[in-house]
Structure formats: structure tokens, C-alpha cells
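K.L.:
First the structure, which I've put down as C-alpha cells, then a few questions once you've had a look.
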Amino acid sequence: MSSQDVLIHSDDPCHPANLICTLCKQFFHNNWCTGTGGGISIKDPNTNYYYLAPSGVQKEKMTPEDLFVMDAQTLEYLRSPKLYKPSACTPLFLACYQKKDAGAIIHTHSQNAVICSLVFGDEFRIANIEQIKAIPSGKVDPVTKKPMALSFFDTLKIPIIENMAHEDELIDDLHKTFKDYPDTCAVIVRRHGIFVWGPTIDKAKIFNEAIDYLMELAIKMYQMGIPPDCGIGEEKKHLKMASP
């Protein structure tokens, strides 16, 4: 086995090379990563290596041999598959690692994200929904010193940036959202999809699933005439009544 192949072969299902393939298949079946769209990157905390899904591979068929591996310090590729090129998302993934101290980043072409980007302006907003409690607030508990989640009564805000012809051209707007929304764990790209990050792949997956649930709910609320961020008890003021 070559030194490059050692990086991606493991019997551990939670090894980044195995986990990326497992999650890409799952996201394909969720209709989030079809037609080779989307991608995942995971930082291995044991080696400080970035594992990156390639460009142009069908996500449900991805294998560990398809993955790129990069040294987090030198940003040099330690492993490059012959059949594929690096994901166009790579500069965006690196920005999340370097500026947000992410441990993993998920990029999907979720239809819910795309529709929300057409309905909302500069930011997606939803409030007073239980699932919001799965999203980090960006604050730290003064007693336990642990990260705090948003509460039921909080408003989740996710910035929306404009799409570009090429994904690497999104980098300037991504850096701006880091500055304008320092507590966010996601950014929606209009007519494109969403990027979600977290301190670990488990957290990033939870955040991504919760946000997609909330976006789907917001779309249904919008169809009923209910603003997704309306106050508790105000729903019926906006509700579109069915014709008798």
C-alpha cells in the first residue's frame, strides 16, 4: 500500500475518509447532493489533515480512493486522486477552517435553501420554533464555559449572499459574512445552496439537518401567509384562509 493510500484506508467507520463517503451517500438520498453537486470536508483532529470530496464525482458512488488529503499547516496536497480535480469549494472550505475554526464543512444544493434564497432578502429569519435550539448561539455559558445554543424564543438569522459563475468567486462575500455575522454557522448562496460548518462533523451534520428542517418549515409558513419570524400568537393574523 502506498503512503498516499495509507491516508484513506481504515477499518474505522468514523475515519474521515469513510465518513465522507457515508454522508455523501446519505445526502444524495436526501436530495441534497445530486448530479455531483455539493461536497464535504472534514479535519482529522489526530493528524491535522483536511479530507476533501473531489469535484465531479457522483456522491452516492464516492469511495475513499476518490478523496483529496491536504496538510492543514502547509496547505499542500498529501494525496491527489488521478481521476478527479479538487472541488471548486476548496477555497471556501479553507476559509471556514481558518476563520471559523471549523472541524468540518458541509455544502449542499438543498432545494429548501434555494427556495428560501428566492423568498428572503439578505438573510433567512425564523423564530419561536423548537428546532432552533439545535443551532449554536455563538455565546459561551459564563458558568460552564460551554457553547450555548439558541433558545426557543430567539430568532435564527442566516446570511444570504449572491451566487457567482464560479464558487471560488464567493470568497470575498463569505469573508464579509464572517465579519457581519460572527455567530453564524451557515451561509446561504442564492439560487445555489448552503454551506454549514461546525467544530466537528457530528455537530456540522446536526446543524445542517436542523437548518434544512427550519428552511422547509419557513417555506410552508410562507405559503400559508405566516412570516417565519412572526411573534407567538400572531400567526392567525397572517394566515391565508381557505375559500369556503
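First residue shown is number 1, and so on along the chain.
The backbone N, Cα and C atoms fix where each Cβ goes, and this holds for glycine too.
Feature table excerpt (Swiss-Prot):
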type: ACT_SITE; residues: Glu130; note: active site, proton donor/acceptor
type: BINDING; residues: Cys89; note: substrate binding site
type: BINDING; residues: His107, His109, His192; note: Zn(2+) binding site
K.L.:
According to DSSP, which of helix, strand or coil covers Glu130 (active site, proton donor/acceptor)?
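P.N.:
Helix, per DSSP.
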K.L.:
Near His192 (Zn(2+) binding site), how many other Cβ atoms are within 10 Å of its Cβ?
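P.N.:
The Cβ of His192 (Zn(2+) binding site) has 20 Cβ neighbours within 10 Å.
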K.L.:
Of His107, His109, which of the binding-site residues has the most Cβ neighbours inside 10 Å?
P.N.:
His107
K.L.:
Counting Cβ neighbours within 10 Å across all chains shown, tell me which of the recorded positions Cys89, Glu130 comes out on top.
P.N.:
Cys89
